[in-house]
Amino acid sequence: MEGFLTDQQREMMKVATQTADDLPPSQKPHSVLLEHLPKPSGGGKASGASNAVKHRRSHAGRSIRSKKDGGGGKGNWGKLIDTDGDYHIDPNDPNYDSGEEPFELVGATLSDPLDDYKKAAASIINEYFSTGDVDVAAADLIELGSSEYHPYFIKRLVSVAMDRHDKEKEMASVLLSALYADVINPNQIRDGFVLLLESADDFVVDIPDAVNVLALFLARAVVDDILPPAFLPRAAKALPITSKGYQVVQTAEKSYLSAAHHAELVERRWGGQTRTTVEEVKKKIADILNEYVETGETYEACRCVRELGVSFFHHEVVKRALVTALENHAAEAPVLKLLNEAASENLISSSQMVKGFSRLRESLDDLALDIPSARTKFGLIVPKAVSGGWLDASFGYPSGECGRQQNEDEKLKRFKEDIVTIIHEYFNSDDIPELIRSLEDLGAPEYNPIFLKKLITLALDRKNHEKEMASVLLSSLHIEMFTTEDVADGFVMLLESAEDTALDILDASNELALFLARAVIDDVLAPFNLEEISSKLRPNSSGTETVKMARSLIFARHAGERLLRCWGGGSGWAVEDAKDKISNLLEEYESSGLVSEACKCIHELGMPFFNHEVVKKALVMGMEKKKDKMMLDLLQESFSEGLITTNQMTKGFTRVKDGLEDLALDIPNAKEKFNDYVEYGKKNGWVSSSFLTSLTEDANVG
């Protein structure tokens, strides 16, 4: 066979063979051969040989050399350059290498960190419900890490407890309070409850009373100070009105947090089976502090605090100790000594210390009613605590807080200036939606009570027209922006300064009583809110007398009708006279059909706050006289020109809705007509979304 080779090819084969013998096994002899073979040059046998040199590679990365007749002995140079496309691996071959067997890559399943967290959280929760050990649960959660997933822990904890007995529900609430600030930050608590509200529709499928139970958890979180009251209205705005989550928020606010003595009722709703009730713990803390102030035995006081076994509630010890120091100047030094010692022994953690100071700072306004110098004294205590090393400097009164306080004062000053302009514009335009937009643009919901105080103060010094507008606005704000607490706090501020107001406005006390009573009639406040307001005022003060007067007005005969007309129509006319004028202009419009003339007459009435009467009478006239299109055209034109606002439209429609049963006695199809009017109003944007929602809810109940 060598006769077929040229001298040059023989030499190349010799070199290749020698090189192959010297190479380690990992290097391939045929690759050396290929380096020495001449490049194809067009045709002939060289070209054919080159085309035949095709190498198959195994999955292991090795070239598989084809063998001829299973061998490749001496002189068989096909061993080096020939390939066999049908090469098969033979396990019985002496040269068999298992690494050349074909194999399949199998993808490994990657674990999801969130899934891992949820599994671990479920284990922690189940163990906690078995043992009731708060400290172990907190330690396990800290050890678990992945703090960004803590909202899911809250969702899991509450959702599991919802389907268990009251004991577990109470345990879940206690654990949430324990984890607050120390383990789970406030934003994560909030996010956890958002997840719960968003899942309320799913909970109802398995837990029939899920809305009520979740509402109670929400109320308990507010009472326990782990959720701010402002969370409720903000959550309600973010949720679809038809969702179960929205119902949860409404139930929490109206059924639990608006009741008299709601905090005590909510705290004891599940019986407190897990441990001593919160009220009992508070009483024990008060007893420990009172005894300590008398004896001055720091070690004994620390021992008693430790024996309470409520490390998650030590912020209450801090808060009550500080209140004691503010109330009794002689107690300040021993109280600070006690807190210093408790911090040094790690009895009270840094986060619990900060939380206690924060809670006191938030209640300074209320404390100032009984302790006028509370804010000043607290401002002196904070630097001592920070310099003593037992209050985190981030709390910040010495330096940062001073700057923040100045910024806060500046913000409040600007707010007061801006709202005066906004209120004046409202008195001129009666445009409630525009006022609400302006107030939202200020972005300071924490100052809502201040706005209410300024609104009524300005109205007091004006005519009945503006007083009626102020009451109407207050009702709208309560629907759109203000919480009941905002309104109550605003009236407290008004009544605290009632004596000063009376110096400028002689009848201020009587008119404030009317505003307060009117707020109750308009469902802005509940009657029991008057008791809460009175409890925050100095006994036997002008403010408490005003509240008593308001209460007597509310419970008088025909109080509702009288209070709704308490401002007499605003421009000095009797309400009945105003109604007659409105009836006359509508009848004239019915005869003439002149929309522009009717709008002119409405404008000349000069009673924008009473335009809901125009809406009501127009709708009723449309039903009675089958003048639907004519009356709807008038209302549309009035709305387009800005004569009748959304608020007045809504109020007019509401009044017609409330009187439908009586109307149906004379107009059998009154309800059908009214529904048609509502659809028309909805299409043209006349009425508020809250009104449409109330109609939907009433229909569902019916």
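Note that Cβ sites are derived from N, Cα and C of the backbone, with glycine treated the same way.
Per Swiss-Prot, the stretch carrying the note motif 'Nuclear localization signal 2' among 103-110, 151-158, 335-342, 615-622 is 615-622. Within the set 35-42, 267-274, 403-410, 531-538, the record from Swiss-Prot flags 267-274 under the feature motif 'Nuclear localization signal 1'. Using a Cβ-Cβ cut-off under 8 Å and counting only residues 6 or more beyond its ends in the same chain, the motif 'Nuclear localization signal 2' (615-622) has close neighbours at 579, 582-583, 586, 590, 628, 630-632, 634-635, 644, 648-649, 651-653, 655-656, 663, 673-674, 677. Looking at 116-237, 414-535, 577-697, the range that has the most CB pairs within less than 8 A of the domain 'MI 2' (280-401) turns out to be 116-237. Residue counts for the domain 'MI 4' (577-697) under DSSP, helix first, then strand, then coil, are 101 helix, 0 strand, 20 coil.
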